[in-house]
Amino acid sequence: MGDLSVNSSIFSSRNGSDPPSVPPSMSIDKLLPALLECFGIILCGYVAGRTNIIPATHAKGLGSFVSKFALPALLFKNMVLLDFADVIWPFFFSILVAKVTVFFFVCVLTLLVADRESRFSKAGLFSIFATQSNDFALGFPIVEALYRNTHPEYLQYIYLVAPVSLMVLNPLGFAFCEVQRRRTGEPQQQSKLQVLGLVLLQVVKNPIVFMVVIGVISHFLLGQKIPAFMEEFVDGLANSFGGAALFYLGLTMVGQLKKLTRSTVVALILLITAKLLVMPLICRGMVEVLDCGSRSSMNHTSLSNYAFLYGVFPTAPSVAIYASHYNMELEVVTSGMVIGTFLSAPIMYVSAWLLTIPWMDSDPLASALQHVSFNISIISLFALVWSVAVMLLSRKFHRIPHIFTINLFVAQLLACVGMIAWNFMAEQDNFLGQVLTFTLLYGSLYSTYIWPGLIALSLLLMRRREEVNFRPGLTVITGWGVPVLAVSVLLLTGQRLPNTIDSAFFYGKTQVTCTSVVLFVSIVLCGVSLTLLSRRTQDYHSLERGSLSDSEEDTHTEQPGAVGSINTDCLACEYACGHLQSVPDMTSTNEEASIQTGQCSQQCTSTSCLLVEEEQKVADRQNTDIQSTRHVLVCLLLTVSLLANLSSCLWWLFNKDPGRLYLELQFFCVVANFGQGLISFAFFGLDKHLIISPFKKRLVSLWQGWGQEVTGSAASEEIRLTCTQFLTYHKEQCVRDIAHKKRCGQSSTTEAFLGSDMVRWLQSVGLASDSGEALAYGWRLLEGGVIQHITLEHGFQDEALHYRFT
């Protein structure tokens, strides 16, 4: 390792010499047209669904045709014509092992993390999502474009590998869904044997599985030839699959991203990571292990690259059909299918491009990697300066976990500064300057690896103890001390490589090993903490919902006994604040006091108003949940980048010839390492109270001022008509449905309703078709003086804010 430079380590064999120039195993000339063809048809389907040219009911019919006629015919045809003599069975078993590994990994992780009420359905559907690829509609055209001229036998692997999911893994997922059905208390209770029989029956009745079995039998009975009398019929159905399936995929994408919620984002990140990062890496790794006895090293490399591309294929739309059939996890599956499909396109193109470019000299590649690191560091540096300034100005940095978050920001900022400095020091003959710059760079970079795990641990302890009673100083020392210790060990034991411009290989194999250890520890710490946090959060929210319902019942329900015993000081305060229209005589009886209970009808200015306090509690709780969710998402995204870095290190350590795909992973790791600031800025750089709310208020005031100048009379007329219509035809029914008498003080009540209730009511009675129209309708009622917020501080919002009729 002593004579190894980064120039040979990235793109060359491990012995330091460039491998001989060999022709590429695929042709990229037709890849871009194939991608444009596939995604163009998908776009046509999306436009047809979005413009309602093809309604949802018709789309279901097209889906039935694709899944029950066209695809079974295609599978039957190719199973009959399949030449088993040309099959490289180690490759087949490699893909089989990879799919089974990812299936059980996702299944076990979901069972550990998901809530008890729905963990079996999530385990079944999420495992199917991560392993069932869109092999025929999207995968086959791309493989055909890449390999038809060089390895045409690779096309048949699509038909050989696809039944693995359909016949082996999917039934296991269906079994979990059936178990979930039994646990949700459906009327028909079935035994375990009946559930097993039901699952097997559904598998056998599946036209796709049935025709695969018939095709294999016909393969041996008919001698790899379809009879002439049915050949044209089968070809007609099979050839109709490609365009119809892609068009149907576009139809199914309409409106799916609107279903995204904060709770589904975490599941989406994990699922897409498993499908687009973990699956291709495991597929390639299994081929490297199981096909190690291949007679041709060139064919072995081509198969491992093909396995990587196969793993990148996105999830099949049939998974959404499964979710709809069981009515479980539909939002996550459909949204993930849309996002995964469009993320897979650039990954496939870049991977194929790298595999087909001529063998390049390693020096310009290392220089390009360095330039990418430098450029992304400059961009990230500005984002981090902004984020740190926002954190300081909002004065959140003294709270937990924000005190750890700002340490993460500082570490990311120093890493960017270190990379910018390294760009100028790398090619200079200044050993001391290089060592000092390397110490700054990797000390801070290792710190960015450690902090996500520590932040996740602090979130877990906060949730566990409700009030954090541990000292943050120890955590801060750990966050900076461990990286300093790791770099010190590296400087003392490592051997510097000559002519190295990439900081990732400044100390060769010793540095890569040290980086792997730090990454592994942080991934384990963050993963375990987030898993335990997820389970405790579910228990916490269930208890919180119970206590919240009790408190709301106390607030919303008038208690006559309490009204009878009126406190004089409270009455005086409420009278002074304008709460009461009438104050009961202190000498009257309890019954008289109950009759004379004050009615809140003016602007609520009391600081002790129960409704205002309730709104503040809800706002505080939502803000706490939002901050916690932001930290969880940041930790999760950074853990994904750590996983990519660990994969890169292990790839280099255990492969004598890392190959071209390793370069793609290296570029991704560079962007992930020095682009962390963009993630931090996205989640914490736009503070609601400091930036968004003032900007929004200013924008609204400017818009309203401009709108009144341009369309003042038209807007006023629209408000007048809306208010007249509502008062004449709908107010009485609305009051009966959503307005309730609620306590706003010790002895005062008011007829109030929530803004969210009004939005739902407007949609239920047909005055608005969606929440957007309902919000606009509510705004017009507010502007027309029909309704008002109890404190006049808020406009009409779809939130837990209290309003009343004037």
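Yeah, the Cβs are placed from backbone N, Cα and C, and that goes for glycine too.
Listed in TrEMBL:
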- 31-49: transmembrane segment (TRANSMEM)
- 61-81: transmembrane segment (TRANSMEM)
- 125-143: transmembrane segment (TRANSMEM)
- 155-177: transmembrane segment (TRANSMEM)
- 233-254: transmembrane segment (TRANSMEM)
- 266-287: transmembrane segment (TRANSMEM)
- 337-360: transmembrane segment (TRANSMEM)
- 372-393: transmembrane segment (TRANSMEM)
- 405-425: transmembrane segment (TRANSMEM)
- 473-492: transmembrane segment (TRANSMEM)
- 512-533: transmembrane segment (TRANSMEM)
- 665-686: transmembrane segment (TRANSMEM)
- 752-806: domain 'DEP' (DOMAIN)
Confidence summary (mean pLDDT) of the domain 'DEP' (752-806):
82
Within the domain 'DEP' (752-806), residues counted as helix, strand or coil by DSSP:
23 helix, 10 strand, 22 coil
Which residues of the chain, 6 or more past the ends of the transmembrane segment (405-425), have a CB below 8 A from one of its CBs?
370, 373-374, 377-378, 380-381, 384-385, 387-388, 391-392, 397, 433-434, 437-438, 440-445, 447-448, 451-452, 455, 476, 479-480, 503, 631, 634, 673-674, 676-677, 680, 684
Which residues, given as numbers and ranges, are at least 6 beyond the ends of the transmembrane segment (155-177) yet have a Cβ under 8 Å from it?
75, 78-79, 82-83, 86-87, 91-92, 95-96, 99-100, 103, 107, 120-121, 123-125, 127-128, 131-133, 135-136, 139-140, 143-144, 147-148, 195-196, 199-200, 202-203, 206, 208-209, 212, 306, 310, 322, 326, 328
Counting only residues 6+ away from its ends, which parts of the chain sit with a Cβ under 8 Å from the transmembrane segment (473-492)?
403-404, 407, 411, 435, 439, 442-447, 449-451, 454, 457-458, 507, 510-511, 514, 517-518
Using a Cβ-Cβ cut-off of under 8 Å, list the residues of the same chain that are 6+ residues beyond the ends of the transmembrane segment (512-533) and lie near it.
109, 112-113, 446, 449-450, 452-454, 456-457, 459-460, 463, 482-483, 486, 489-490, 494, 504-505, 632, 635-636, 638-639, 642-643, 645-646, 649-650, 652-653
Would the transmembrane segment (372-393) and the transmembrane segment (665-686) count as touching if the test is at least 3 Cβ pairs under 8 Å, pairs 6 or more apart?
yes
